[in-house]
Amino acid sequence: MALDDISAVPKGALDTDPAVERPPPLLDADRSDSERLQPGVKRAEMLRKGWTRQGLIIAFTGLFLATLSINFGDYSTQVYVPYATSAFKQHSAMSAARVVGNITRIAAYPIIAKLGDVFGRAEMFILSIVFQAVGYAIYAGCKNVGQYIAGGIFEAIGSTGFGLTQQVFVADVTNLINRAVWSTLPDSLTVIPALYLGTEIAEAVLEKNEWRWGFGMWAIIEPVCSVLLVGTMLYYQKRARKDPSPAEFASEPTERNVDDGWWKRIYNLVWVQLDAFGAILLLLGLSLFLVPLSLTGSGNSDDWHRGSFIAMLVLGVVIFVAFLAWDTWCAKKPFIPYRMIKNRTVAAACLLGILDFFHYSVFSVFFTSYLQVAAHHGAGPATRIDNSLRVAFQVAGIFAAYFMKFTKRSQVWVFTGVPLCVLGMGVLLYLVDMGEGRVGNEAAFVTAKSLIGIGRGFYQTASQVSVQAKVSRGEVSVVTAVFFAAMSIGGAIGTSVAGAIWRSTLPPKLAQHLPAELKDQAQAIFGSIVVAQKYEVGTPARDAIDMCYRQSQRMLAIAALAALAPMLIIMFFLENVPLTDETTLIELHGNREAVKKNHSGGEGKEARS
């Protein structure tokens, strides 16, 4: 692919091509308070115009290197968690670490998007890498569960920030027709080797060193691997400041006067630009809503009977509604502009993400346990089956991106992906309990999971580009954060529902079907797959255990398929976004009417590549 494809501005469309007339930019005087570009967005816009071919080559090389190191760190450090658990001898407390990490990741998306819009993309890369390095350093030196959880908070913020800023950076420097390609390549080319080689690295580290060094080494490796990306961005950012500013930036006020007192500057930064009150409402609302969902996950569904959990859930919803009201009517620089929420493409894409990740979590939480107990697979094959969805997703994302590039439309790939997800889940529903004690083999499960992964790769890649195309350039980071957060929220809810179904289904079935002499072991068998696997395959006890696992996993599969079914209707609400010069110009300048006027008499010319 030619490097010209990376350019955010259609080649020749804004400057030299007489057939495509540049629309008048929207100046601050023409914008509402919420539409005025924030400092970080202005900086990103000036940087976008200042990139050279050589600079983009170096920047994307650095992006691939940084992404590779972060993905290797993520997948290899998962191996060390049981060792940390054993060191603290507080296995039950580790679930609290997962809860805090999940909540932190979801809440971090909109906060990081806002910080990126205020301070800039390079600055957010730096902040994210620092947070992740500090998190790994705390992991390496932690002496108790509290410190381990603190490390998890830093690591969660860092990894979430890097992933989001990576996608926003790609959106900044690509036009719509090439965006899907470049947004999928960094992860697609690095996740697959990290997925399989990360565990090999972890095992090699454990042979010669303890788990603490396994965490700590990434606090060194990741910042080093990120120097090329961050250094290149800072260099071109500094160079862009020295160049004459384009008219649309030169004429815009800086949102504050240099003669203002320090307290006015602090007020403008904290209250207006960062919307501190909105941030507090958002964090409180999400935390109160997600804590009970997370704590009632795979093993504590009985806690729903506690009044405090219901109260937290209700209060969280109320505060989140208050946040939406504040953002809509009061905030000058809202986290989520109201016009974005009411856009049907954005709303539909977020609903697709919520339902898809709800289905995935409902089915997958206990799937590897089911594979090892009822399907008699070892831990290795069970992991390979589960990972097949991730691999298929990454590969399909690349193909979907290129298909979008050549068809110059997004909706058709949503229409392709969603039915594939439903089909794959339908096959899984059949495979988990085929009747007469039969279940699918490894190849069948891999095929079904791969169908879901391919479907997700198609619809999610197309949906992300679609939602980014429906907002102005200054709102790309926010809409991307909302899109990712919606998927995470769906996953959190799905985990809780899976725990409730599993806990209400498996124990009664075990108590009912186990041989009389083993009925008192029902709770022990439910609580540990190790205990369940101790019973020899083919014995009455193991046959009863296998049947109970099959029936319980089938219930989860039914719930997952039911969640996917509405997606077949929701997908029609996404607009068919044309990936053309005209759409790119609208995104760049936010002046839809001027662009339409300049392109009257026919569709805009397609972006050149």
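Positions of Cβ are set from backbone N, Cα and C atoms, glycine also.
According to Swiss-Prot, the region 'Disordered' annotation covers 1-35.
Swiss-Prot lists 56-73 (among others) with the feature transmembrane segment, giving sequence analysis as the kind of evidence.
The annotation transmembrane segment is assigned in Swiss-Prot to 119-141 (among others) on the grounds of sequence analysis.
Note on the transmembrane segment (148-170): residues 63, 66-67, 70, 74, 84, 88, 94, 96-97, 100-101, 104-105, 108-109, 112-113, 116, 121, 124-125, 127-139, 142, 179, 182-183, 186, 464, 476-477, 480-481, 484 of its chain, located 6 or more positions outside it, place their CB under 8 angstroms from a CB of the stretch. As annotated by Swiss-Prot, transmembrane segment applies to 148-170 (among others).
Summarising the annotation, Swiss-Prot assigns transmembrane segment to 214-236 (among others) and lists sequence analysis as the type of evidence.
Sequence annotations record features per position, and here Swiss-Prot assigns transmembrane segment to 267-289 (among others) based on sequence analysis. Note on the transmembrane segment (267-289): residues 38-39, 103, 106-107, 110-111, 114-115, 118, 255-256, 260, 312-313, 315-323, 326-327, 331-335 of its chain, located 6 or more positions outside it, place their CB under 8 angstroms from a CB of the stretch.
Feature annotation from Swiss-Prot assigns transmembrane segment to 304-326 (among others); the stated evidence is sequence analysis. Taking Cβ pairs closer than 8 Å, the transmembrane segment (304-326) reaches residues 277-278, 281-282, 284-293, 295-296, 335-336, 341, 500 in its own chain, all 6 or more past its ends.
According to Swiss-Prot, the feature transmembrane segment maps to 346-368 (among others), an assignment based on sequence analysis.
What Swiss-Prot lists as transmembrane segment is 388-406 (among others), and the listing cites sequence analysis.
Nonlocal intrachain contacts for the transmembrane segment (413-432), taken as residues 6+ away from its ends with a CB within less than 8 angstroms of a stretch CB, comprise 352, 356, 359, 363, 370, 374, 400, 403-404, 407, 439-440, 444-445, 447-463, 466, 550, 553-554, 557-558, 560-561, 564-565, 567-568, 571, 574. Positions annotated as transmembrane segment by Swiss-Prot: 413-432 (among others).
Feature annotation from Swiss-Prot assigns transmembrane segment to 480-502 (among others). Through the fold, the transmembrane segment (480-502) approaches residues 102, 105-106, 109-110, 112-113, 163-164, 167-168, 171, 290, 292-294, 296-301, 304, 336, 340, 346, 349-351, 353-363, 365-366, 463-464, 467-468, 552, 555-556, 559, 563 of its own chain, all at least 6 residues removed from its boundaries and within a Cβ separation under 8 Å.
Under the heading transmembrane segment, Swiss-Prot lists 555-574 (among others), citing sequence analysis as support.
Contact between the transmembrane segment (214-236) and the transmembrane segment (555-574) is not supported, since fewer than 3 Cβ pairs fall under 8 Å when only residues 6 or more apart in sequence are counted.
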